[in-house]
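As recorded in TrEMBL:
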{"type": "ACT_SITE", "residues": "Glu1159", "note": "active site, proton acceptor"}
{"type": "BINDING", "residues": "Cys40, Cys45, Cys48, Cys70", "note": "[2Fe-2S] cluster 1 binding site"}
{"type": "BINDING", "residues": "Cys110, Cys113, Cys145, Cys147", "note": "[2Fe-2S] cluster 2 binding site"}
{"type": "BINDING", "residues": "Leu259, Ile260, Val261, Gly262, Asn263, Thr264, Ser265, Val266, Asp362, Arg424", "note": "FAD binding site"}
{"type": "BINDING", "residues": "Gln766, Phe797, Arg825, Gly977", "note": "Mo-molybdopterin binding site"}
{"type": "BINDING", "residues": "Phe827", "note": "substrate binding site"}
{"type": "DOMAIN", "residues": "231-416", "note": "domain 'FAD-binding PCMH-type'"}
Amino acid sequence: MACSTQSDALVFFVNGRKNQQLFSLTAAFAVRLSGTKYGCGIGGCGACTVMISTYEPTSKKIMHYPANSCLLPICSLHSSAVTTVEGVGSTKTRVHPIQERLAKCHGSQCGFCTPGMVMSMYALLRNHPEPSMEQITAALDGNLCRCTGYRPIIDTYKSFTGETACCQLRGTGQCCLDKEDVCSSSDKGNQMHSGLCNPEEFQPVDPTQEFIFPPELMRMAQEQQKRTLVFRGERTTWISPTNLRELLELKAMYPKAPLIVGNTSVGLEMKRDGVHHPVFIHPTRIPDLHVVSNTNNGLVIGAACSLAQLRDILMKVVPELPEEKTKIFRALLQQLKTLAGEQIRSLASLGGHIVSRGSTWDLNPVLAVGNSVLSLASKDGTRQIPLNDQFLAGYENADLKPKEIIVSVFIPYSKKDDFVSAFRQAERRRNAVSVVNSGMRVLFKPNTDIIMDMNILYGGTGPITVSARKSCQRLIGRQWNEQMLDEACKLVLGEISLSPSAPGGKVEYRRTLLVSFLFKFYLEVLYGLNKMYPAKFPDLSKKNLSALGAFHSEVPQGMQTYQDVDPVQPPQDPVGRPIMHQSGVKHATGEAVYCNDIRAVDEELFLAVVTSSRAHAKIVTIDVSEALKVPGVVDVVTAEDVPGKNGTDDEQAYAKDEVICVGQIVCAVVAESAVQAKQGVEKVKIEYEDLEPILTIEDAIKHNSYFGKEKKIEQGNIEEGFKSADEIIEGEIHIGGQEHFYLETNSVLVVPRGEDNEMDVHVSTQDAARVQEFVALALDVQSSKIMCHTKRVGGAFGGKITKPAIFAVVAAVAIPNLRIRGPFRGFVATQTGLPQEKIREINMYKEVNLTPFKEELDATNLVKCWKECMEKSEYYSRKTAVEEFNKQNYWKKKGIAIIPMKFSVGFNATQYHQAAALVHIYTDGSVLVTHGGIELGQGIHTKMLQIASRELKVPLSYVHFCETSTITVPNAIVTAGSIGSDVNGKAVQNACQILRKRLEPIINKNPEGKWEDWITEAYDQSVSLSATGYFRGYMVNMNWDTGEGQAFPYFVFGAACSEVEIDCLTGDHKNIRTDIVMDACFSINPAVDIGQIEGAFVQGVGLYTMEEIKFSPEGEQYTLGPDTYKIPAVCDIPEQFRVYLLPNSRNPIAIYSAKGIGEAGLFLGCSVFFAIWDAVAAVRKERGLTGTFTLNSPLTIERIRMACADNFTEMVMVF
C-alpha cells in the first residue's frame, strides 16, 4: 500500500482541552503540566502515571486505564483523552475526594510520588466505582513511595471500597466513628488517642463531576476507523492502519519496523540502548488483533489485547467453565497478578509479551506447556505454529518470518487428567522481574498416576526460556512417586545448566529453584490426584502440605496510638495535634512545585554530563570536536573552564587528570535542548589509562585505604578482658549498602541576574548554604552574590547533602543560564543457650548509665519502650504460637524477634546545631515564617507553622511559609541528623517570642481586641513587626582522642517486634506483623512523627532484607534503577502495622519537650531481619544443623533459601 506523504494532524485532549500539533515522537510531557512527575524514566516507579481514555467505535465503549507517561509515544495518544493529576482536581476549582482523603490521611510526605498514587486510584475508580481491596492493592503495584511506608495510602483508599472500611482506617478494632478515645490501662495522664484522621470529614465521590469523554474524539474515532493515519517526523514515521490487510502490506514493505502496542519493550530499548527505528507500525485499531472468542477446545485471544484485559477475560471465564478445563487459565492468572504494575499491564500486549521472548517473562512458560498455538499472518497467507520451547528459543524453523505477525493466540482447555502449575520467584513479590520462573504440566493416563505426557519450561536460567524436554521424555511411563521425583530432579539439574559466571549471578540459588519448583509441582499434583481420586491416592502428609501455595498478602491493617493534648489546651493551639502536612493537598493535586517544575526562562539552555566509564584511571585526552558539531550544542565544559575552585579536595566538580569511580563527571555538554545535549554527550570521546581500582572493603583494608581519621573507643584492658572471659564468641557479619532512592532526581536551575555577578540557584538539596559556598568558590565571587532557593525536596534521606553542591557547580560554571536535570552490627549469642530477647535484655542500658564514650544516659524510657513493646505485641504468647506453627509446618516457618533501640540525634559539634529564623507580621495580620530548615517530606515546615501559631497565639491559617533561601536565613546548617525540627523550631520560637513581647503593651491596653487590631496599632506606633530568631545550638563537646565528653544532645529510644513467615523452598518471606513503641516524648505533630516512623521502618526493611547493590568486577554498578534495584512496595509492608508513641515522656532540652525521630525508625527494620533469622534457625534446628551460622544483610531471597539447607541444596552441590 502507498502511504500518504503528508502528515496527519495529531489530535488528543488533555484534561478536557484539545491539543493539536504536528508529529513529535518525544516523551508524553509535550503538554507542560508539572503535576506529572518524571522519576525513573523507564516505567518502574509510577510517578508519571496518567489516565488514558479511548473510545472503541465498534462496541461504542469508553475505556480508562493508567499508563506510565514516560513510555508513551505521543503518536499513540491520537484520538485519546489524557487526564493528569491537574485534571482530577485542584485548589483553584475543586479538590477531588481522592486528593482530599490522601492529604487528610497523611498519605503524602515529600509528595513526589503522590500525583502518581492519585492517578492510579483515579483510573481504578473510573472503571470500578466501589473497588475491592484486592483491586486497590493491584492498582498500586506499579507505584513506589520511599517516604510513607504505604500504610496511610492504603488506609486512605480503603475508604473507597464498598465494604465497611472505617474501622480499618482507625486500626483499633472499634468503629472509627465511635467518639470514645482508645485508652490503655497502663497509661496515665492525658488519654491515648488512636487514629490520625476523621472519615466523617470526607466528601463523597460525585461521578457527575468527572470529565466526559470529548464528543469530538468519538466522532473522530468513528470517521477515522477505516482510514490509515500517518504521522511524519524528521527521523521517524508512525503509521496506524485500520485493517489486517493494510497491516500485512505495511509489514511486507517495512519488515524491520516494530509493531508498537504498549511500547513497554521497544520503548525501553530506545531509551536505554539508543535504538532508532525509521518506521513504527501501530496496529491497535485493527479488530482482528482484539478478538476474544470461546471455541469448543479453548480460548482465542487477539495479540493486541493488553495483559490487564487478558487478566479480566480469564477472571470472567474461569468461574463459568468446569474446573478441569481452566487449569491453564488459573496458572496464567496466578502469574498475571504479580507481573509488572497495573500501568504496564494496561499497556503491554499479549502478542508483544510473547514475541519479545524475555527469559524472565512469566506467561511464556505457562503458555508453552499448555500447548498454546500462535495464529500468524503475512501478505503471503496465514499459518499456525505451536508456542513451544523451540519458538521461545528463536529456532528458525519454529519462528515468525520477517514479514509475519501474530494475529491471535489459542489457549486450549485443560483436560481432566491434566495438571498445570506456574511458579516464579522474584526479589519482590510484585512488579519485579523473576529470578526464575516456570511452567509445568503433566498428563496422566485416565484414572492413574502413569505419566502420558510431561512438559517443563524454565525462564531466568539464561538468555532464553529453556525446556527440560529430554528429562520429561525419560519420565514418560513412570508413576508419580518419590522415586520419580528423585530421578526427575537429577535429570533436570543435568539438562538445565548454568555457568558459574552466568549473568545475574545467584547461580546456586537459581539451580536450587529448579528443583524446588519441581518439588512443589510434584506435591501439587499429588494433592490434586487425591482430590480427584481419594480412594486411590492418600492425603498429603502434614509435612508436605506446608509446601503448597505461594504467599498471599492480606490487606494491611494499621494502628497508630499517641497521647492526646491536654484537655485545657486551647482549640486554636495546633501543637500536639495531628495536623495535615502543610503541602499535603498541593502534593495530591500536583500544584506543589519542585525544582524541575519551575517554568522555563528566556534563552534557557540545557546541560548533560559526560561521566567516567572507568572505576580508576588517568584521563589521557578529552576529544569534544564531534560533540561541538551537533546542531544546537553551544559548548562543552571541562575542569579547565572553572574560574575558581573545582569542588573540594575529596571530590572535584569536573574530574581533572584522574577519575576515581564509574559515573564521575568529566565534562558537560551545553545545548539548546535536552535532546541535543544528550546527543552531544554521545559524541564526546575520552581516552583513559586504567589504574588499579579498590572496589571492596577487603581491598581497602589490604591497601590501607581508609576514609577519614579512625575514631576508636576503648574501655578497660581489652586483652586482659579476653584472657579472663569464660567464653569468647566470635563472628563476622557483612551489611550491604543502600541506595537513597529518592524519586526526585537531582535537579538544578541556575539563572544569572545580569548584574554584579549575581546568580539565583534553584536546587533540590538538604544543604543550601553548602551549595552557595561551593558555587561562589567555583565562580570566584562572594557568597553574598549567590542566592540559593529550595521550595521543597522530593525525598533525600541524606543523599542530597553533598552531591547537589557539585551539580550546582557544574551548572554554574557551564553557562550563565541553564537547567540540568550508622553502621549495623548484630550477633545472636546462640552458644549461651538463652533466648534472644533475654540476651538483649541483659545487655540493655538500665536506669542512669554511661555510653562507651562516657556520656551519661538515662535509660528509663528505653526500658519502658521494651516493656511496652513486649506487652503490646503479646510477644510471649505469639512466640509460643510461632513455635507451635513451626512444629506443624516443615516447609514454611515463622520467626519473631523483638529489638530495642538507642538512636543518637544530632551531630558531634555545637555549631552544627545552630539555627536562625526570620518572622514577619504584615499589616493585615498575616505571618510569614522563614527558617533554615529544608522540607524533605519530614513535615518540618508544618511543625514550624504550628510553633509560630502557638507562640503568636494566632490561628494556623494566618501563618505561611514560602521557601528556604540563603537570602533570608544565611549560613543555615544542613537539614539532617533528625535535628532539623528541633533547632529550627527553637529559632522560630525565639523570633515569635520577640514579636509577642513587642506586642504585649498594645495587647494589654486592648485585651478584648482582635489580632488585626493589635497589628494595626503596632504599625501606627512604629513597632517593628519583623524579628530574627536564633538558637545557638545544643552543647556537645566530644573529644574522640580521649574518648570522653558529650557526643550527642540526646537519644531516641524505641523497640520493635516483628513476625515473619518464610518459604523454605524459595526464600520468599512475608511480614506478618510489626509493633513499634517509640519514645517521641511530646510530639509536636503525631501524624508527622508516626509517618516518619512508619516510612523509616519500611526503608529499614528494604535495607536489611531486599535492597542489594551489585557491582561488576570493573566497578560499574549494575543496580541503577527500579528494574534492577528493588525497594519495598505495597506488598512488602507488615499485614498488621502498629505504632505506639510512649506516653508521659519528656525531653527537657528540646522545644516543647519533643524529640527528633526522623531517622530512628530505620534501624528498627532490623527486627524483620532477626525475625527471619529466627525462622531460619528453626529450619536448621529441625534438620539437625546445630552449628552456628551467619546470615549477612540484606537477607535476600537467595540468602534465606540457601540457609534453609535440605536435600535440594545438597543435590545442587553434587550435580
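Using the three backbone atoms N, Cα and C, a Cβ is placed for every residue, glycine included.
Nobody curates TrEMBL annotations by hand; they come from automatic prediction.
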Near Cys48 ([2Fe-2S] cluster 1 binding site), which residues of its chain come within a Cβ-Cβ distance under 8 Å, counting only those 6 or more away in sequence? Thr36, Lys37, Tyr38, Gly39, Asn68, Ser69, Cys70, Gly116
Taking each of Cys40, Cys45, Leu259, Asp362, Gly977, Glu1159 in turn, which of these recorded positions have a Cα lying within 10 angstroms of the Cα of Cys113 ([2Fe-2S] cluster 2 binding site)? Cys45
Cβ neighbour count within 10 Å, max among the binding-site residues Ser265, Gln766, goes to Gln766
Of the binding-site residues Cys40, Cys110, Val261, Ser265, Asp362, the one whose Cα sits nearest to the Cα of Phe797 (Mo-molybdopterin binding site) is Cys110
Calculate the per-residue pLDDT averaged over the domain 'FAD-binding PCMH-type' (231-416) and state the result as an integer. 94
Restricting the comparison to the recorded positions Cys45, Cys145, Cys147, Gly977, Glu1159, which residue's C-alpha is spatially nearest the C-alpha of Asp362 (FAD binding site)? Cys45
Can you list the residues of the same chain, besides Cys40, Cys45, Cys48, Cys70, whose Cβ falls within 8 Å of the [2Fe-2S] cluster 1 site's Cβ centroid? Lys37, Tyr38, Gly39, Gly41, Ile42, Gly43, Gly44, Gly46, Ala47, Asn68
Check the Cα-Cα distances from Cys110 ([2Fe-2S] cluster 2 binding site) to the binding-site residues Cys45, Leu259, Val261, Asn263, Gln766 and tell me which is shortest. Gln766
Of the binding-site residues listed here (Cys40, Cys145, Cys147, Gln766, Gly977), which is spatially closest to Val261 (FAD binding site) when Cα positions are compared? Cys40
Which recorded positions from the set Cys147, Ser265, Glu1159 come within 10 angstroms of Gly977 (Mo-molybdopterin binding site), judged by C-alpha positions? Glu1159
Starting from the Cβ centroid of Cys110, Cys113, Cys145, Cys147, the recorded [2Fe-2S] cluster 2 site, name every other residue in that chain with its Cβ within 8 Å, sequence order please. Ser108, Gln109, Gly111, Phe112, Thr114, Arg146, Thr148, Leu743, Gly794, Gly795, Gly937, Gly1095
For the recorded positions Asp362, Glu1159, which Cβ has the most other Cβ atoms within 10 Å, all shown protein chains included? Asp362
Select the closest residue to Asn263 (FAD binding site) from the following recorded positions, measuring between CA atoms: Cys45, Cys145, Cys147, Glu1159. Cys45
A 10 Å Cβ contact count, applied to the binding-site residues Cys145, Leu259: which residue has the minimum? Leu259
Nearest to Cys145 ([2Fe-2S] cluster 2 binding site) by Cα, among Cys40, Cys45, Leu259, Ser265, Glu1159 (recorded positions)? Cys45
Using a 10 Å radius on the Cβ of Asn263 (FAD binding site), the other Cβ atoms enclosed count 23
In Å, how large is the greatest distance between any two Cα atoms among Leu259, Ile260, Val261, Gly262, Asn263, Thr264, Ser265, Val266, Asp362, Arg424, the listed binders of FAD? 28
Pairwise Cα distance for Ser265 (FAD binding site)/Glu1159 (active site, proton acceptor) [Å, integer]: 38
